[in-house]
Amino acid sequence: MRITHSPSGSIAVAINKYSYIINRWVKQTRCCFKMAVPTATVSLSPANTSGVEKYLQRLAHLDEGLYNDFYGLWIALMVINSIIFLVGTVLNIVALYVFCFRTKQKTTSVIYTINLAVTDLLVNLSLPTRILLYYSGGACLTCSYLHIFSYFVNMYCSILFLTCICVDRYLAIVQAETSRRWRNSSVAKCVCISVWLFAIVVTYSFLSTAFQHTGCCLSKLLILTITEFFLPLVIIVVFTLRIMWALTDRRLMQQSRDRRRRAVQLLTTVLIIFTVCFTPFHIRQVVVYFYPDMPHHVIVYHLTVTLSSLNSCMDPVVYCFVTNNFQATMRHLFHRAEPEQTSGDIVSMQHSSKASGGTVNAMTNSVILMTKIPNSLQSLNMGKNHTL
């Protein structure tokens, strides 16, 4: 009797065979990697070495536990972080090129956005250490330290620069006359330097507190979490509501409807990105402080960290609302043409949905801020307060 095998059965056997081979290869290479990587290469003072190693090993244990207990999630997170690294790096490099070389007028919004793009790019550049940490299964403590420091510095810089953009919009819309004197590029640069210094000091304080394992560690970490996240969140929510309320004023109602809509879209986008990317991680931080034995905390940790890294790919949406030449320059780059001269900040939009040529273009014009201003009108607009 001839035994026949169905095609589906042969495919299943082949898939299982190759899956076994790949899984075995990954385990073997990871074992070799663990043997090649030193357990701790962080050079600190002898008094703090034990605390540093203990803290880094505790964080590395999360990666090892992820690989041992949730192998499928381990593979998925490696793929997701790789995609975030590639997409975010390209988008933020293009954004820096547009804002630094294609935007002539460096307004306060552009300065804050440039720094935001730098922080997002640094987040993307720190992802390879995280991928390496995943791959080593927690064996590379140096990767853990580098990733933790760069991750927290850039995450809190992103939070603070998003807050600066929101406050800048409030001053430009609600307090336009009173803030005109000190809302300039020099003040914005000083604010950016202060944000970078603050984020570095706060991150160093956070790591020092974790390394020392003192009795007041819990209270210090809670204070840092409130200062770094919940306070900026309150500021963004309050200023967003304040701007929306101010836009109902009759004096501001005289402004173009497109301009007011774009202001609301910008603030709503900042609030959504801020909430979606950063809130889960900090809620998890607070919960772990009070409940250290929280079930499935390893999964929650890695998911929230990956979600916060996703912010580097979502911030380019904010770039489109901050300047009116970002998408225009992107289009010209893809079409290999020179961009037309545009202003560096948000200006009133002159296109109507009727002139868009269709429903799709009408929807695009309601979001895109790429108004092309004739050269004859730019000199007139420079003396007026048309920026948000």
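Using the three backbone atoms N, Cα and C, a Cβ is placed for every residue, glycine included.
Pulled from TrEMBL:
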- 91-319: domain 'G-protein coupled receptors family 1 profile' (DOMAIN)
- 71-98: transmembrane segment (TRANSMEM)
- 110-133: transmembrane segment (TRANSMEM)
- 145-167: transmembrane segment (TRANSMEM)
- 187-207: transmembrane segment (TRANSMEM)
- 222-245: transmembrane segment (TRANSMEM)
- 266-287: transmembrane segment (TRANSMEM)
- 299-322: transmembrane segment (TRANSMEM)
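Residues 155, 159, 162, 165-166, 169, 221-222, 225, 229-230, 232-233, 236-237, 239-240, 243-244, 294, 297, 300-301, 303-305, 307-308, 310-311, 314-315, 317-318, 321-322, 346, 388 of the same chain sit 6 or more residues outside the transmembrane segment (266-287) yet have a Cβ under 8 Å from a Cβ within it. Within its own chain, the transmembrane segment (222-245) is flanked in space by residues 156, 159-160, 162-163, 166-167, 169-170, 173-174, 202, 205-206, 209, 263-264, 267-268, 270-271, 274-275, 278-279, 282, 285-286, 289, which lie at least six positions past its ends and keep a Cβ under 8 Å from the stretch. Sequence-distant contacts of the transmembrane segment (71-98) (same chain, at least 6 residues past either end, Cβ-Cβ under 8 Å): 113-114, 117-118, 120-121, 123-125, 127-128, 130-131, 134-135, 299, 302, 306, 309-310, 312-313, 315-316, 319, 323, 325-326, 329-330, 333. Per-residue pLDDT, averaged along the domain 'G-protein coupled receptors family 1 profile' (91-319), amounts to 82 for this model.
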